[in-house]
Amino acid sequence: MTTIIDGKAVAKKVNEATATVVAELKQQGVQPGIAVIIVGEDPASQIYVRNKNRKATKLGLHSVVRQLPATTTQAELLSIIDDYNSDDSIHGILVQSPLPKQINEPLITLAIDPKKDVDGFHPTNVGKLLTNFPGKYPVANTPRGIMTLLAEYGVDPAGKQAVVIGRSTIVGKPMAALLTNANATVTIAHSRTQDLKALARTADILVVATGIAHLITGADIKPGATVIDVGMDRDENGKLVGDVDFDSAQDVAGLITPVPGGVGPMTIATLMQTTVELAKWSDLGE
Ligand SMILES: NC(=O)C1=CN([C@@H]2O[C@H](COP(=O)(O)OP(=O)(O)OC[C@H]3O[C@@H](n4cnc5c(N)ncnc54)[C@H](OP(=O)(O)O)[C@@H]3O)[C@@H](O)[C@H]2O)C=CC1
Ligand SMILES: Nc1nc(=O)c2c([nH]1)NC[C@@H]1CN(c3ccc(C(=O)N[C@@H](CCC(=O)O)C(=O)O)cc3)C=[N+]21
Ligand SMILES: [Mg+2]
């Protein structure tokens, strides 16, 4: 029997907990605020921005979306980030990726106040994640949301073989760090990996984040494995699909996330959770 992981249901649970914290903060006169900055138009980003703005408003957050033209200069973007860094009504700043090529993405990441870094991309926060630093700091929302899914479904990474396909700053690398901190034995694969499919078959926990539709099929999965599909791809008919061929994979996997309705809703819920945490921590002076 295969369990289909219900990302929407778990996201709802996370959102209910977030709403409780929002109510507490409001009693103390704090409304958590998030600013999302988008430069240019990227179709995948548009889905994300629409979904998170809707959820932020529903949860009673102060939500600002700043759409900038694709021709925006690095200096202009840095100056806008500076404004939000010193704006007390904003607790989380998210600069949507990808950015146009005239903008140096690492430099933008570095400009965000680490205490307002709601994506957890600032080197200070990435460093804390990697060193399993004690205390409170933001962690990338997609991998963090995946850890919540694993916990909800009773999948303990400790001692398991985990394979993460993809090594981006946004998903693959922080995912590997979180699984390592949770005592899994982790292998990171990427486009230069040899014999990817044989490696995938060694995984008790397989996380796929490549952007390649249906890269992984049932034949590449260890029977009973937990399969987490991060991909948000289009098939030949323009339908939203994942990096995993769900139809063949679901016969082999023990647990599997669908696309849509798996990791995506958790990313949004975790982003809201992180925003509210940042507001709470700043209120406590932490
Ligand atoms: N559901 C959600 O909440 C989210 C979904 N996404 C989706 O997840 C996917 C990945 O996103 P992101 O990490 O930002 O993507 P990136 O393009 O930044 O990274 C993709 C990674 O996959 C690797 N890769 C590409 N092709 C192959 C291949 N054929 N075999 C093995 N590895 C390969 C790349 O290798 P190399 O490093 O060698 O180039 C790279 O490390 C996308 O579909 C994106 O839309 C992203 C964020 C959140
Ligand atoms: N700085 C930055 N941080 C990000 O976290 C970030 C980013 N830039 N750029 C783009 C990617 C992509 N991403 C998604 C998150 C959720 C859904 C999502 O809500 N998916 C739902 C709905 C899909 C639908 O509505 O069709 C689902 O999978 O069920 C999609 C995409 C975050 N990203
Ligand atoms: Mg999904």
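Heads up, the Cβ atoms here are built off N, Cα and C, so glycines get one too.
Note: TrEMBL annotation is automatic and uncurated.
Record features (TrEMBL):
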| type | residues | note |
| --- | --- | --- |
| DOMAIN | 5-119 | domain 'Tetrahydrofolate dehydrogenase/cyclohydrolase catalytic' |
| DOMAIN | 141-281 | domain 'Tetrahydrofolate dehydrogenase/cyclohydrolase NAD(P)-binding' |
| BINDING | Gly166, Arg167, Ser168 | NADP(+) binding site |
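All chains included, 18 other C-beta atoms sit within 10 angstroms of the C-beta of Arg167 (NADP(+) binding site). In the three-state DSSP scheme, Gly166 (NADP(+) binding site) falls into the coil class. Counting every protein chain shown, the Cβ of Ser168 (NADP(+) binding site) has 17 other Cβ atoms within 10 Å.
Using DSSP to sort the residues of the domain 'Tetrahydrofolate dehydrogenase/cyclohydrolase catalytic' (5-119) gives these counts of helix, strand and coil: 59 helix, 19 strand, 37 coil. With DSSP classes pooled into helix, strand and coil, the tally for the domain 'Tetrahydrofolate dehydrogenase/cyclohydrolase NAD(P)-binding' (141-281) is 53 helix, 26 strand, 62 coil. Listed in chain order, the residues near the NADP(+) site other than Gly166, Arg167, Ser168 are Val164, Ile165, Thr169, Ile170, Val171, Gly172, Lys173, Ile188, His190, Ala209, Thr210, each with its Cβ within 8 Å of the site Cβ centroid.
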